[in-house]
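Chemist: Dropping a structure here in structure tokens format, bear with me for questions.
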Amino acid sequence: MSEATWWYRGGTSKHDLHYRREAEVNTTLEELLLYFIFLINLCILTFGMVNPHMYYLNKVMSSLFVDTSLPDDERSSFRSIRSITEFWKFMEGPLIDGLYWDSWYGNKQLYSVKNSSRIYYENVLLGIPRVRQLRVRNNTCKVYPAFQSLVSDCYSKYTVENEDFSDFGLKRNPEWTHTPSSRTAPWHWGFVGVYRDGGYIVTLSKSKSETKAKFVDLRLNNWISRGTRAVFIDFSLYNANVNLFCIIRLLAEFPATGGLLTSWQFYSVKLLRYVSYYDYFIASCEVIFCIFLFVFIIQELRKVNEFKSAYFRSVWNWLEMLLLLLCFLAVSFYAYCNMQSFLLLGQLLKNTDSYPDFYFLAYWHIYYNNVIAITIFFAWIKIFKFISFNETMSQLSSTLSRCMKDIVGFAIMFFIIFSAYAQLGFLVFGSQVDDFSTFQNSIFAQFRIVLGDFNFAGIQQANWILGPIYFITFIFFVFFVLLNMFLAIINDTYSEVKADYSIGRRPDFELGKIIQKSCFNVLEKLRLKKAQAKEEKKMQTTDLAQRARRDGFDESEIQEAEQMKRWKERLEKKYYSTEIQDDYQPVTQQEFRELFLYAVELEKELHYVSLKLNQLMRKLH
């Protein structure tokens with residue numbers, strides 16, 4: 001084999017390079033097919049956990065416990081209460097009426113006291129509800145000396161350091177004594193504080209009258225006082241019609257400024273996983289998912305062992321590792337939630353007169369849903385790894401990589417100005433406008449300004465001079481100047497990339513053309529394409545030769561043209577596409593000689609045409 005047949009960089013022969021190319025194509029197609037099967041299985045698994053009834057169950061429970069009007073005040077509900085008096089009205093009215101459904105139409109008895117309540121006649125109240133209070137100690141804040149004679153008591157905001165652990169009030173019942181928090185229980189993030197488990201717990205009864213009497217007793221003995229900072233109402237429901245649990249938490253916060261803030265959480269989750277035939281089909285998809293996870297982990301370990309440190313230089317490999325990590329976390333959360341659900345349901349069946357802490361399960365189940373949602377997001381993003389062989393996607397990736405430095409520099413300048421305006425808005429309007437009440441809210445408010453969703457009247461009313469100045473200058477510098485600079489950077493770089501591609505720069509191979517070429521090869525093997533191509537080629541050659549004879553060319557010129565055509569066809573056959581080719585395709589000595597002779601003949605023809613044009617121009621003059 002001559003030396004010219006070896007690739008100068010790696011000494012790769014023509015045959016080896018072709019074999020490597022075909023192997024890379026086959027590997028890519030196999031990996032794409034396998035990944036699509038995994039993605040379809042993941043979609044079935046993910047959407048199989050979501051039930052449209054979840055929204056409607058949350059909606060109906062929200063309307064019952066959050067939007068029901070208070071007694072003697074149709075304009076107020078749990079959503080809008082702002083005082084302790086209104087809170088007790090809610091506890092003794094809409095809450096009790098919503099929890100205890102003891103009669104059917106016409107006052108027909110619906111259930112006995114030993115059984116659970118059926119909310120809306122379809123949702124079983126699991127166990128008994130629980131009311132929990134968190135308090136802070138007196139004298140937990142510092143009072144200015146001049147006001148110490150006027151202020152004898154001082155209750156600060158809720159923190160773990162300020163929390164009150166001592167008994168208070170009557171001190172004879174559990175609701176007046178402190179219950180330690182569980183280390184594994186999740187914390188709750190409210191409007192004005194972050195609250196942990198434990199506190200002063202009131203366990204309700206299955207009897208509506210007993211529960212109402214207990215609420216009246218707590219109200220008369222000031223169970224909620226100045227030291228109260230949060231009251232939680234927790235209970236859980238189960239709807240067998242749709243096999244869904246609804247875990248409900250109503251929260252009333254009593255900030256140190258006075259007043260009352262309410263919030264709520266409704267979690268509809270499917271804790272009993274395998275009930276119907278469709279559930280068992282989802283279970284089979286879960287098994288397949290675990291098999292895929294095991295196979296992908298083995299593949300990535302082999303790649304790491306083969307490429308060593310070079311493996312970590314690819315962005316797609318980092319995405320692959322992130323995807324595997326998320327899949328592993330999803331499997332771990334799923335196993336933990338199922339195990340805890342089994343244990344908790346067993347305890348509930350043994351003792352129906354206790355409070356079942358399903359909020360703990362809902363908390364971890366929501367984390368599982370979030371992890372699986374992020375997993376499927378990155379799983380779809382990974383498709384770009386395969387379609388990046390397309391010319392358009394290659395141009396997009398080249399554009400982003402080429403303008404990355406400019407984008408980073410622009411981002412630094414943008415966030416400096418953006419942060420400056422956010423601090424200005426927070427300091428000027430924070431005490432009067434809800435959108436600027438915190439620094440985080442100020443940042444989101446500015447993004448809303450960019451999107452055109454903003455209440456200008458609010459900042460104008462807060463400060464009629466600085467409000468319009470802030471708004472106009474922010475729109476001018478951020479919206480008209482900076483965002484257009486960003487678009488100009490992207491547009492200019494994309495134009496450069498388009499120009500590079502127009503003069504011959506292409507991706508190594510395009511997936512669409514590879515699939516098209518594979519289909520053509522199959523058709524040729526089936527003798528559906530090959531015969532037709534030969535027929536057209538023969539007819540085209542015959543027509544050209546006959547036309548040349550009619551135009552007066554002699555046989556030597558015709559034979560020379562046919563020889564040049566054969567050389568051209570041989571080169572085109574080897575380099576079948578300018579869009580799918582290697583940057584270092586090997587050329588043999590014979591091919592180089594034919595290419596050189598072809599170029600010489602083209603130069604002669606060009607010179608001949610130039611002389612003819614000169615003669616024609618002289619005749620015209």
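Every residue gets a Cβ built from N, Cα and C, even glycine.
If you look up Swiss-Prot, you'll see 1-31, 299-314, 382-406, 490-621 marked as topological domain 'Cytoplasmic', on the strength of sequence analysis. Residues or ranges marked as transmembrane segment by Swiss-Prot on the basis of sequence analysis: 32-52, 278-298, 315-335, 361-381, 407-427, 469-489. Here Swiss-Prot flags 53-277, 336-360, 428-468 as topological domain 'Extracellular', drawing on sequence analysis. Sequence annotations record features per position, and here Swiss-Prot assigns N-linked glycosylation site to Asn115, Asn138 based on sequence analysis. The annotation coiled coil is assigned in Swiss-Prot to 521-551 on the grounds of sequence analysis.
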Chemist: Are the transmembrane segment (32-52) and the transmembrane segment (361-381) close, by which I mean at least 3 Cβ pairs under 8 Å that are 6+ residues apart in sequence?
Modeler: yes
Chemist: Give the one range among 278-298, 361-381, 469-489 whose Cβ atoms make the most pairs under 8 Å with those of the transmembrane segment (407-427).
Modeler: 469-489
Chemist: Which sequence-distant residues neighbour the topological domain 'Extracellular' (336-360)? Criterion: at least 6 residues beyond either end, Cβ under 8 Å.
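Modeler: Long-range Cβ neighbours of the topological domain 'Extracellular' (336-360): 116, 126-130, 184-186, 203, 206, 234-236, 245, 247, 249, 267, 271-273, 368.
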Chemist: Using all protein chains in view, find how many other C-beta atoms are within 10 Å of the C-beta of Asn138 (N-linked glycosylation site).
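Modeler: Within a 10 Å radius of the Cβ of Asn138 (N-linked glycosylation site) lie 14 other Cβ atoms.
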Chemist: Based on DSSP, name the secondary structure state of Asn138 (N-linked glycosylation site): helix, strand or coil.
Modeler: coil
Chemist: State the residues, same chain only, that lie 6 or more residues beyond the ends of the topological domain 'Cytoplasmic' (299-314) and have a CB under 8 A from a CB inside it; answer 'none' if no residue qualifies.
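Modeler: For the topological domain 'Cytoplasmic' (299-314), the sequence-distant neighbours (Cβ-Cβ under 8 Å, at least 6 residues beyond its ends) are 320-321, 324.
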Chemist: Can you tell me how the residues of the topological domain 'Cytoplasmic' (382-406) break down into helix, strand and coil by DSSP?
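Modeler: Breakdown, helix to coil: 19 helix, 0 strand, 6 coil.
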